[in-house]
Structures are given as structure tokens and as C-alpha cells.
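Some features that TrEMBL has for this protein:
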DOMAIN    40-97  domain 'N-acetyltransferase'
Amino acid sequence: MATVVKAGGSSRRDIAPRRQAAFRTVGDYEKQHFFDDVYGGNQLHLQILGVHPDHWRRKIGAGLVQWGLEEAERHKLPLTLMTGSGGRHLYSSLGFRSLGSFSTQVPGEEESVDAEAMIFEF
């Protein structure tokens, strides 16, 4: 059974509307560039995979990715995803390779979010 956690809100800087808009715009562009222009509809794309910190280091994330890998293999499609620095090690250890990286930054702010496009091909 899934648990819905309602936390944060509009006061959180990481989900402020300007940051959400920037992340969505850059993410859509990079997904198109790295995946859709190359593979079109011939891919399975993992999106927004997360594990609550209380459950880290229990191989839950790896189990979720394994499900995606099994589905991709069953359909004979590459499995694509975009990840931040927190997921790179997991995906690399499971055999994903990097297609390139990109950064998202709201104009006028110093902070940026780095991400990487990765793929697993059978």
C-alpha cells in the first residue's frame, strides 16, 4: 500500500513556481533531444522514481528499476531515464550508460540542478 505524504508547499524553494517551470521546460527539451528524437516511441522511459530516505539502502530503488528493466526486455525496447547526482551510482551499477548531462538554472539565481540522460539497451 502506498502512503501519500503531504509536506513542503509553496514556501519550499525547490518547488517554487519559477523553478518548477524551469525544470519542466529544460526536462522536456532534454528528453526530446536525448531520447525522443533518437528513439521516438520505441523506448520505455522511467520517470520520477524515488524512495523515502527512511527506506534507503534496502535495494528498493534497485527493485523498482529492475521491474522497468524486465518490462523493457520483454518489449525489446531501450529503457531511458534522467537522473540527478543521487541516482547516477545506482543506474550505472545496473548497467545504464550516460548519453550526456545538462543543467537547469532559473535566471537570476546562483543555484542550478545538474542531471544526466541515461539509457539501458539490450
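Just so you know, glycine gets a Cβ as well, placed from its N, Cα and C.
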(request) Please spell out the DSSP helix, strand and coil residue counts for the domain 'N-acetyltransferase' (40-97). (result) 28 helix, 8 strand, 22 coil
(request) Please average pLDDT over the domain 'N-acetyltransferase' (40-97) for the predicted structure. (result) 92
